Amino acid sequence: MFEGIGTAIVTPFKEGKLDIESYEKLLNFQINNQINAIIVLGTTGEAPNISLDEREILIKKAKEVSGNKAKVIVGAGSNGINHTIELIKNAEKNGADGLLIVTPYYNKPTQNGLYEYYKYISEHTDLEIIVYNVPSRTGINILPETVYKIASDCKNVKALKEANSSFEQINKDLLLLKELKDFKIFSGNDDTAFQLLASGGDGVISVASNIIPLQMVQMFNFIKNGEIEKARNIHFSYYKLFKNLFIETNPIPVKAALSIMGFINNELRLPLVPASESTMKIITETLKGCGVI
């Protein structure tokens, strides 16, 4: 499993179809700025709106561009086991280095149900698995104790992406899960990434690194080298950007930002729509304020 910064890459569209030219340009921007992993088909990649055929294209292109320079982790979670396994097999076939598996949304399983779900998945793939906790989207919060039990019993469950903003839960993750050998804890929120990393976390699965990959990598490296003040300076230099990338539903603001920067068209798939005029103004001012444009 990687450590460092993994970019939750957007999926560019042009007139309703995949925009592979823009996607490749964005991937090269990431690799050239030393990103450690590309997270394809996560929340930021609009995964629920992507067909199986399109998934193949996106995964293969990410592998082609990344080569041996960055891991390609594929979001392959759904709200039911059969569809999740289908997505996993698709990821395996197309060369994924690992899997990001979100807790099953809508069904609202118990903690025991979550344990059985991840155990079943673990038994049906040899790829390394990141458990993805994002209760604001799924309606369910997987507890640190449940993750500990899963990782203890499932040899290929290797990491947690924690997108619960509760510092109490983040601290419990760090206290409990660090007892596991070779288990990684990733921040799923850019605005609390500095705190998690400074407390012993292993990396960030980042939205902001679509825009500022090198700066996110530098922040991680400073913390790893014990240069906390330098990392803190980066964190607060871009804190407004971290917050404003969520003033509308992700990935609406980050796609707006990337369109302003000239990387992609400002296009999403329904039910998501482009940023409002007021949001576009805020994003433009934010990018100018932190020196991105």
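Glycine is no exception: its Cβ is also placed from the backbone N, Cα and C atoms.
As annotated by Swiss-Prot, site 'Part of a proton relay during catalysis' applies to Thr43 (among others), with the evidence given as sequence analysis. Sequence-distant neighbours of Thr43 (site 'Part of a proton relay during catalysis') (same chain, 6+ residues apart, CB-CB distance under 8 A): Ala8, Gly75, Val102, Val134, Arg137, Asn250, Pro251.
According to DSSP, Thr44 (pyruvate binding site) is assigned to coil rather than to any helix or strand. With a cut-off of 8 Å between CB atoms and residues at least 6 apart in sequence, the same chain places Ala8, Ile9, Val10, Val207, Asn210, Asn250, Pro251, Val254 near Thr44 (pyruvate binding site), listed in sequence order. The pyruvate binding site feature in Swiss-Prot is assigned to Thr44, Ile205; the stated evidence is sequence analysis.
Taking the Cβ of Tyr106 (site 'Part of a proton relay during catalysis') as centre and 10 Å as the limit, one finds 10 other Cβ atoms among all the protein chains shown. The site 'Part of a proton relay during catalysis' annotation in Swiss-Prot covers Tyr106 (among others) and rests on sequence analysis.
If you look up Swiss-Prot, you'll see Tyr132 marked as active site, proton donor/acceptor, on the strength of sequence analysis. Neighbour count (other Cβ atoms within 10 Å of the Cβ, all protein chains): 26 for Tyr132 (active site, proton donor/acceptor). Tyr132 (active site, proton donor/acceptor) carries a strand DSSP state (E or B).
Annotation comment: Swiss-Prot describes Lys161 as active site, schiff-base intermediate with substrate. Neighbour count (other Cβ atoms within 10 Å of the Cβ, all protein chains): 26 for Lys161 (active site, schiff-base intermediate with substrate).
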Practice prompt. Write out the long-range same-chain contacts of Ile205 (pyruvate binding site), meaning residues 6 or more apart in sequence whose Cβ is under 8 Å from its Cβ.
Written response: Gly6, Ala8, Ala37, Ile39, Gly42, Leu100, Ile130, Lys161, Phe186, Ser187, Gly188
Practice prompt. Sorry to bug you, but what's the C-alpha spacing from Tyr106 (site 'Part of a proton relay during catalysis') to Tyr132 (active site, proton donor/acceptor), rounded to the closest Å?
Written response: 15
